[in-house]
Amino acid sequence: MSSVAGSQLERIARGGTAALAGAGVAAVANFAVVVVITQAFSKDDAGALFSASSLFLIVLAVAGLGIETGLGRFVLRHVAEGRWDWARACLSNTALVTVTVSAVAAVGLWVAAAPIAVAIGISGDEGPGLIRVFSVAVVAAAVGHWALGASRAFANIAQTVLIDKLARSLMQLGLVAACAAAATGLIPLAVAWVAPAVLLAPVAVIGLLRVTRRTFPADAPRGRAPGAVREFWLFTAPRSIAQVAQLIVQRLDIILIAAMLTPAAAAVYTAATRFVPLGQLGQQAIAQVVQPRFTHLLATEQRAALGEVFRTTTAWNIAVAWPIYLVVASMAGVYLQLFGSGFAADGVAVVLVMAVGMLVGIAAGPIDTILLMAGRSWLSLGNALAALVIDLVGCLVLIPPLGILGAAVAWCAAIVTKSVLAYVQVGLHVGLSPISRASVIVAVSAVVAFAVPGAILTLTGHANVFTLIGLLVLGGCVYAAALWRNRSVLRLRALRALLPGRRRNA
């Protein structure tokens, strides 16, 4: 391994481990939120909340306009080149755009709350009020999201970990649990779900101000720098559409199921697919850290080091996410029991299909990040739109005859298509592949340690909570031993950067 790649991997390990720890807490908290809601509230109420919150997240993606990726590409570059006015221009312009777009979206949701509620399958009297609760939170949540993305553009992951992954997730879980204990109605539950994003937005902005004060010299110029804004949006515009398309793929199926079937069906589908973010959050944590590293290596034309870092981080992605998906898929019935009665009958097939899609998506590694940082944002846009079309058409065609399984098949097809397209494009335009000996070793180890024994337990009728715990403990030991045996191939020595002495000297 080259010294450059080793240095970059150590930096990724430092930031990635902190981000991954935060993502782990957030994943468990978000999962617990769904468990609490499905256990304490009716399927209709749970499905109504899941449909409305999915719409809220899509609106936030629209308000975000892909700004996070654009800031990650340009801010550190401008700072490194001493173009302080250009960096400031990117920040101030994106702040104004975020506030403007989110305000328009919030007003639209408030005014059209009644027809929107009916359109997304919420037909009760509480529907308009539910939509208006989320509309009030749009601006603050969008600004908080922008501030955290801007902090990450300065390679500051701590703000995201502390504010979003830890504080927001745990606060949301606590408030939702309080609603469940008090047996409140749907409106208070929605307030509890969305309130943390609003309350923590000012904290995120204050954190960003502290980062910029430490970074910018006191005498840094404050010119308008129109060239910076133009360059920023030429890159970010296609990513804006791509980000919206990506989140629509993640959330549209819940809304369509509520609208085309029932909110209760949407509740079952949400529970069956809740395991997906458990692995995705680890992938996102690593992606947030590698983005500036990829930018640096591409800008300095260190392609060999870039390839090593790309392949190694792909193996790390697989190492974190595959065990989660394989355990859930192999013991899907036990997993669905966590959400209450009546979820396993229709949910097992959904779990299996979704797991297949995510195994493929994770195996591709941070491939979309490579495309973006290589300046191929239009290709990323094309991939996102292709996935959106496949998911939308698939849902419309397959949900009527297959129910929630049809939505899962459409989603899986969209994810696999997007991953394959990006794999081919990165190979053609950047000359890289995520596949390596390390990723194969990790994948095979995960299958042997978790999928095979889990499937045997299920097929022989011995799958239950106790055997699931045994699988996690014993399979985890086997898996850890396999990773340690192959620590050189997996570049685990980069994790030495986590030691206190190494961290101070880095």
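Quick reminder: no glycine exception, Cβ is built from N, Cα and C everywhere.
Straight from TrEMBL, the features:
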TRANSMEM  12-37  transmembrane segment
TRANSMEM  49-76  transmembrane segment
TRANSMEM  96-123  transmembrane segment
TRANSMEM  129-148  transmembrane segment
TRANSMEM  169-187  transmembrane segment
TRANSMEM  254-272  transmembrane segment
TRANSMEM  315-336  transmembrane segment
TRANSMEM  348-371  transmembrane segment
TRANSMEM  378-399  transmembrane segment
TRANSMEM  405-426  transmembrane segment
TRANSMEM  438-459  transmembrane segment
TRANSMEM  465-484  transmembrane segment
- Message: Can you tell me which parts of the same chain pack against the transmembrane segment (465-484), counting only residues 6+ beyond its ends and a CB-CB cutoff under 8 A?
- Response: 319, 323, 327, 331, 334, 337, 441-442, 445-446, 448-450, 453-454, 457, 490, 492
- Would you call the transmembrane segment (96-123) and the transmembrane segment (378-399) in contact, using three or more Cβ pairs under 8 Å, pairs 6 or more apart in sequence? no
- Item | Selection from 254-272, 315-336, 378-399, 405-426, the stretch that has most Cβ pairs under 8 A to the transmembrane segment (438-459) | 315-336
- Note on the structure: Contact set of the transmembrane segment (378-399) with the rest of its chain, CB cutoff 8 A exclusive, min separation 6+ beyond the ends, reads 238-239, 241-243, 245-246, 248-249, 252-253, 256-257, 260-261, 368, 371-372, 405-407, 409-411, 413-415, 417-418, 421-422, 425, 429
- Query: Can you say which of 49-76, 254-272, 348-371 has the most Cβ pairs under 8 Å with the transmembrane segment (129-148)?
  - Reply: 49-76
- Query: Between the stretches 49-76, 348-371, 405-426, which one has more Cβ pairs under 8 Å with the transmembrane segment (254-272) than any other?
  - Reply: 49-76
